[in-house]
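*Asks:* Questions regarding the structure given below will be posed in turn.
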Amino acid sequence: MFEIKKICCIGAGYVGGPTCSVIAHMCPEIRVTVVDVNESRINAWNSPTLPIYEPGLKEVVESCRGKNLFFSTNIDDAIKEADLVFISVLSNPEFLAEGTAIKDLKYPDRVLIGGDETPEGQRAVQALCAVYEHWVPREKILTTNTWSSELSKLAANAFLAQRISSINSISALCEATGADVEEVATAIGMDQRIGNKFLKASVGFGGSCFQKDVLNLVYLCEALNLPEVARYWQQVIDMNDYQRRRFASRIIDSLFNTVTDKKIAILGFAFKKDTGDTRESSSIYISKYLMDEGAHLHIYDPKVPREQIVVDLSHPGVSEDDQVSRLVTISKDPYEACDGAHAVVICTEWDMFKELDYERIHKKMLKPAFIFDGRRVLDGLHNELQTIGFQIETIGKKVSSKRFPYAPSGEIPKFSLQDPPNKKPKV
């Protein structure tokens, strides 16, 4: 069997960088070169400050960079010298979760390799199998044809996104009835036929994969004349959009039906904890809806650079003209963001938000002081926070025993729960 000694990976992003770093780490006898046209990104991979944050990634890269792991912009030479080129040779879909990518790569549930059902295709499949067998048990390496491999990737993410949208739909029902969605999720998750994974209600899923892969599935179904199937999966996206709009509407309603010129602290901008990735983050959409209503946003995230937040919010599909410069401030710490705020909105489940000094925060906020927990990170602190003086609003549960009264203005809200949000055009 042909032995692979040199691998080239085209693309040094969130998938290519970590994946090939782990391959180099686990296969010291294989030379791995990651190439990209983006020179600044490659320079970052070759520096002490990597271009992406992922727990454990820095240690893996530093253990083999310059030995058998290289990052380069010399794409042509890397391809010519390689025995195997990722992306252009085989279908090897990744099943990584940001925040646990290194663990997922070292200890995968399965590795899926698809290839053409030709002698050449099958030789390539077996050669790549041999690479993964350095650390993955053979029974966890699945080989399929190319279509099965690609559809497996789309279907896996579609099923996970579907579970999130399903529990988020139940969260709306819980808020209307007085049930607690966490208790409901625990009860149904104990059914072994269902399981307890991906039953965490929140302000909505984000990231680069879920929406993209579900929409790819919708497109395929429409192109193949399966409109009923396309509509079924489209509802997963529609429910996610609805959950974001519903949460933003709840903030506005609770703040006496207006947030115009009010300071709102947004805690968390990444789409999930333990990553700096903001792609399709629900924080972007919540910020958009609040900016459209004239709120002044003070945003803090421990891993997302200021420049990235400004770029995301300045996108033509998110804001207009000078909205960001007028209405958005990036804070250097959570206490600065909350100082003088009318409300705190938690959009990312960073562990540090459980450990903040909320008594200190309450003293500096305007009263009545609100906390909107879009990630259910403060569930164990509700009594303490209410004793301090906060009014708590959270996903899928009625917390406050009493609401501060307000007189509805009778004005028509600027956005409707039924209207689809403006989508960011694909770049």
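The backbone N, Cα and C atoms fix where each Cβ goes, glycine too.
Because the structure is a prediction, the values reported are computed rather than measured.
According to TrEMBL:
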BINDING   G11, A12, G13, Y14, V15, G16, D36, R41, E98, C209, F210, Q211, K212, R279  NAD(+) binding site
BINDING   94-98, 153-157, R193, 200-206, 271-272, R375  substrate binding site
ACT_SITE  C209  active site, nucleophile
DOMAIN    265-380  domain 'UDP-glucose/GDP-mannose dehydrogenase C-terminal'
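For each feature listed, report its degree of burial, its nearest neighbours and the pertinent distances within the displayed model.
*Replies:* Around D36 (NAD(+) binding site), a 10 Å sphere centred on its CB holds 21 further CB atoms from the protein chains shown.
Taking the Cβ of E98 (NAD(+) binding site) as reference, residues of its chain lying under 8 Å away and at least six apart in sequence are, in sequence order, Y14, E54, G207, F271, K272, D274, T275, D277.
If you draw a 10 Å sphere around the CB of C209 (active site, nucleophile), it holds 25 other CB atoms from the protein chains shown.
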*Asks:* Mind giving me a neighbour count for F210 (NAD(+) binding site)? Other Cβ atoms within 10 Å of its Cβ, every protein chain shown.
*Replies:* 23
*Asks:* DSSP-wise, what's the residue breakdown of the domain 'UDP-glucose/GDP-mannose dehydrogenase C-terminal' (265-380) into helix, strand and coil?
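*Replies:* Once the DSSP states are binned, the domain 'UDP-glucose/GDP-mannose dehydrogenase C-terminal' (265-380) shows 42 helix, 19 strand, 55 coil.
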*Asks:* What is the one among the binding-site residues V15, A97, L154, A201 whose Cβ has the most other Cβ atoms less than or equal to 10 Å away?
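*Replies:* In terms of Cβ crowding, the pick is A201.
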*Asks:* Among all the protein chains here, how many other CB atoms are within 10 A of the CB of G11 (NAD(+) binding site)?
*Replies:* 18
*Asks:* Would you mind sorting out which of L154, N157, A201, G204 (the binding-site residues) have a C-alpha within 10 A of the one on F210 (NAD(+) binding site)?
*Replies:* L154, N157
*Asks:* What is the biggest Cα to Cα gap, in Å, among G11, A12, G13, Y14, V15, G16, D36, R41, E98, C209, F210, Q211, K212, R279, the residues listed as binding NAD(+)?
*Replies:* 25
